[in-house]
Amino acid sequence: MTFYDDIYPFYPLQRTAFIISGRLLAIILVFLMLAVGLLLILPGIRGKTRVFWMLRIMISLFIGVVIVALNFTNSWAEARMTTNVTYKSFSNAVIQAEVGLHVGLYGINVTLRGNPIVQFNETINYNEMFSWHDIAEEEYEQALIKGLPNPILYIVEKFTLSSPCGMIFQYSYSGRFASATLWTAFCCWILSNILFFLPDIVYAGYMTMATAAFIFFSMASFSTIKNVPRCVFSIGEDSFVTEYSHSFWLALATGVLCTIIGFFVVMLYFLMPEKVKAAFSLRFDSYEDEDEDKSCPEGYLNSVFLNGEMHLPLTPKVTPVS
């Protein structure tokens, strides 16, 4: 408490907890606008094909937005616990709070939420984000300067270069490879959508299975963090270790979905190619032939012109009368 607290214009700075990544929000809004734009063309599609096209659009956009969003989520692995812990440095104040660690491909989120949320006349609700390329030096120093609570500083220190745990090497490298394979899966997803509009639809099925394969590669890359000795986080009297979280299982579900779609497209193409092409509106040649037959009615041919023989009738010569 200082002499200028609660006195205009020296109100204390209002701190708000981090809620959602701006990049993640932008990705969701872009795909929502794309979905709305594609759904606007559905009234122009006739018959039962309209339902099939709607399912294609929604499933395809779901796969695309998941692949892109997984790069920016912070819930590939996480751990949390509720314990009694020292709140800040140079203070004996002990609070009861829930401490959480959320690991993404580009960094971590550390949360601290009081239980109750207001203790010692202060709202204890922190959600601090730290990226891999800055966490070693700059962001950790900034956290020390801001005077963040001890639990947050303790967890972040485990991910610095000076930490004996070396967790930053385990998580940052696995996250970079996982992100690279996810972007490759996104490129395969774009190619599969293009190939679905070409006559040889079997290649679209192959590319969909390739999308699933790269999603599984990203999961395998991130899973390498389990192959090295993990550092235990001891906060207060309790400890925790990270486990797989929502984003990891969502990636698994999306990969399985792509595998099923690609397998069925390839299988049905070899079993009943004409019906598959008709379902995806790819029978352009047959439709054009039918339209030409309908537009040209049946006619009668002149055999004289076809045989090249043409005989003109003879007319008697008339002499003029003088």
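First residue shown is number 1, and so on along the chain.
Cβ atoms are placed via backbone N, Cα and C, with glycine included.
In TrEMBL, annotation is done automatically, which means it is predicted and not curated.
Listed features, source TrEMBL:
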- 20-41: transmembrane segment (TRANSMEM)
- 53-72: transmembrane segment (TRANSMEM)
- 177-198: transmembrane segment (TRANSMEM)
- 205-225: transmembrane segment (TRANSMEM)
- 248-271: transmembrane segment (TRANSMEM)
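For the transmembrane segment (205-225), the list of distant contacts is 63, 67, 70, 76-77, 105, 170-171, 174-175, 177-179, 181-182, 184-185, 188-189, 191-192, 195, 242, 248, 251-252, 254-259, 261-266, 269: same-chain residues at least six beyond its ends, Cβ to Cβ under 8 Å. Sequence-remote contacts of a segment are chain residues at least 6 beyond its ends whose Cβ falls under 8 Å from one of its Cβ atoms, and for the transmembrane segment (177-198) they are 56, 60, 63-64, 67-68, 70-71, 76, 105-106, 204, 207-208, 210-212, 214-215, 217-219, 221-222, 251, 262, 280, 282.
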